[in-house]
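Engineer: Look at TrEMBL and you will find 319-339 tagged as compositional bias 'Polar residues'. The compositional bias 'Basic and acidic residues' annotation in TrEMBL covers 340-352. Under the heading domain 'G-protein coupled receptors family 1 profile', TrEMBL lists 45-291. The region 'Disordered' annotation in TrEMBL covers 316-352. The transmembrane segment annotation in TrEMBL covers 29-54, 66-86, 106-123, 143-165, 185-205, 235-255, 275-293.
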Amino acid sequence: MKCHYGEIMEFFYNNSSQKKDEWDSTQLILVQVVGSLFCCFILVSNAMVIAAVITNKRFHYPFYYLLANLAASDFLAGIAYVYLMFNTGPVSRLLTVKGYFIRQGLLDTSLSASLANLLVIALERYISVMNWKVHSNLTKRRVTLLIVLVWAISIFMGAVPSLGWHCICNLEDCSQLAPIFSRSYLIFWSVSNLIVFLVMVCIYMRIYMYVKKKTSVLNPHTSGSINRKRTPIKLIKTVMTVLGAFVICWTPGLVVLLLDGLHCEKCQVMLFKRWLLLLAVLNSVMNPCIYSYKDEEMWTTFKNLLRCIGNGTRRQRSSRANARPLSSAQDTGNSQPPSDETKSDEQGILKT
């Protein structure tokens, strides 16, 4: 069995019968410019979510720590998309095997981190709602361990193909969408993610049924307590919106990967490649918008952060202006006489 580690990606693209991407220079520049704008928004907005959770003490609870970790996975996705955009089209055929593993590994790690975070958040919401509390009783130590576990699993999942589950030594098992990934790996990847999707949907259906039953049992005399308990329901709505966007944006791609893994020759999976990537990018764009739209406190914190950045910039400019040395003309002819307040201050100092 011969291995082909020394070949560039064009060898594997040709092996998988992928046609050469017909990208002209204008189209490639347009994709890179528009994609860069989207990625800048992803990076800045998710960095603001993380900063909001750190700076606002009202967000110092397990749910928001996990939400910040979800934003960190979207931030990584933004980095992965930037790397992908500048290594796509004709450039992708010139990549080395290692370069391709890095490109796909970043994408797979960010997807795994987002999925794992959503699953952990679903479990946290389940615990809190079943106890009819706004926030769960998870300690900071347990939340930290969960975050570390999420990233350990995600990095491992992203590195699995480079650790040996590939087709570099077995070209007949190569897929079309990912020319050095084996079809068996694509089946495992897509099926495992779709199962996690199903588990999360079941969890939230259970939460929804419990909340509906709980509110129907409460009599009209407890309307005040219901109002006080609207916050956990609001947080559930936020997470369900994020989960819904994630499922809508990623399910088509996972289904196409599954079809490619099953070696469906009539499915023409290559036709959907670019559109599915666009859906994935849009998901990372949507999440910060959902946080700010669904959570008024988050939106207020965003505005405060922007004001602080604006005030800090103005102060920096004014301090630079004050630090400039005066010219000789200003020292002699343009000097202003001391004001009355300054004179009175000086007299007060002399009296003391």
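If you go along the chain as it appears here, the first residue is 1 and each next one adds 1.
Note: Cβ is positioned from N, Cα and C throughout, glycine not excepted.
Computed from a predicted structure; not experimentally measured.
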Engineer: What stretch of 29-54, 66-86, 275-293 shows the most Cβ pairs under 8 Å to the transmembrane segment (106-123)?
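Structural biologist: So the stretch in question is 66-86.
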Engineer: Mind checking which residues of the chain, 6+ beyond the ends of the transmembrane segment (275-293), have their Cβ under 8 Å from one of its Cβ atoms?
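Structural biologist: Cβ under 8 Å, 6 or more out: 35, 38-39, 41-42, 45-46, 48-49, 67, 70-71, 74, 77-78, 81, 84, 107, 111, 238, 241-242, 245-246, 248-250, 252-253, 256, 299, 302.
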Engineer: Under an 8 Å Cβ to Cβ limit, what residues of the same chain, 6 or more beyond the ends of the transmembrane segment (235-255), are close to it?
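Structural biologist: Same-chain contacts beyond the flanks: 63, 70, 111, 114-115, 118, 121-122, 125, 129, 134, 189-190, 193-194, 197, 200-201, 204, 207-208, 211, 272, 276-277, 279-280, 282-283, 286-287, 290-291, 294-295.
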